[in-house]
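*Asks:* Right, I'll just put the structure down here and ask away after.
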Amino acid sequence: MANFKGHALPGSFFLVFGLWWSVKYPLKYLNSKVKGNCRSNKCYERLELIEGILKAAFALIGILAEQFVPDGPHMHLVNGEDHSWVKLMNWQHTTMYLFYGISGVVDILTFLPLNLPRGLDRLSLGIAVIIEGLLFYYHVHNRPALDQHIHSLLLIAVFGGAISIMIEVFMRNDIVLELFRSSLTILQGTWFWQIGFVLYPLGGAPEWDQTDHGNVMFITMCFCWHYAVALLIMAINYSLVYCCVKRHKKLSSVVDNSLKKINSNKTEVEASLLAGSDEE
């Protein structure tokens, strides 16, 4: 959709997943340091299955929104009367959602007893991100300078994420790569919203001069600020997760010590009773 909603929708999807990953991966990493956490591993597997279902569902919502909004193409690619293309921008967004939907389906299939190759889920996600970058690279040709520039900045986050994910195919459970991907996903989410506010101002706000080089300079600086905020969010979430895990570990240790003490006292009582019965 060539409007504010068309950028807010994918921005919201990326933001939700980026924020979720910024909590999930630190939690998984810090819990992996605790011995005997088999139950947690099963829990994470279920969470990743749910994540795949949500990814496929979000992609389906995006496809339906792009195709069946009042001014959408309604699944028509070519106009039958003059043989012209119909709403190609909507079709590009639909294609992006399609590949993210495929990634979600692969995530789901990974947890079925099909013996799929290890890393296939990351590979499918990496392909989806590459397709997104390819589509947006040719999305704004022959458009005003500011429009081209603000979308080209998005490609930094897109292809940076794609490289990270492709490395994850071979290096699973690497916390640095996972956190890097999470930060770039948050950046994508906030930047989609920023594109919407710049190109389609709300509430009668003044329009941006698309040819002013000063605006191009500010948008570049603004992109760096967005990533700084993303890194701050990552740091805050990691710190909160660390405190929660540390507190939980401390409580578990207290409970374990209490149980050991109770069992020890119980053993001593039983031993004294047995000793008393032997004397009789």
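Each residue, glycine too, has its Cβ placed from N, Cα and C.
Heads up, here are the entries from Swiss-Prot:
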- 7-27: transmembrane segment (TRANSMEM)
- 49-69: transmembrane segment (TRANSMEM)
- 96-116: transmembrane segment (TRANSMEM)
- 120-140: transmembrane segment (TRANSMEM)
- 150-170: transmembrane segment (TRANSMEM)
- 184-204: transmembrane segment (TRANSMEM)
- 216-236: transmembrane segment (TRANSMEM)
*Asks:* Under an 8 Å Cβ to Cβ limit, what residues of the same chain, 6 or more beyond the ends of the transmembrane segment (7-27), are close to it?
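*Replies:* Same-chain residues near the transmembrane segment (7-27) but 6 or more away: 1, 44, 47, 51, 55, 58, 62, 65, 93, 96-97, 175, 178-179, 181-193, 195-196, 199-200, 230, 233-234, 237-238, 241-242, 245.
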*Asks:* With the transmembrane segment (184-204) as the reference, find which of 49-69, 96-116, 120-140, 150-170 contributes the most Cβ pairs under 8 Å.
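*Replies:* Highest pair count goes to 150-170.
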*Asks:* Mind checking which residues reach the transmembrane segment (120-140)? Cβ under 8 Å, same chain, six or more beyond either end.
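*Replies:* For the transmembrane segment (120-140), the sequence-distant neighbours (Cβ-Cβ under 8 Å, at least 6 residues beyond its ends) are 52, 89, 92, 95-96, 99-100, 102-103, 106-107, 110, 147-148, 151-152, 154-155, 158-159, 161-162, 165-166, 168-169, 172.
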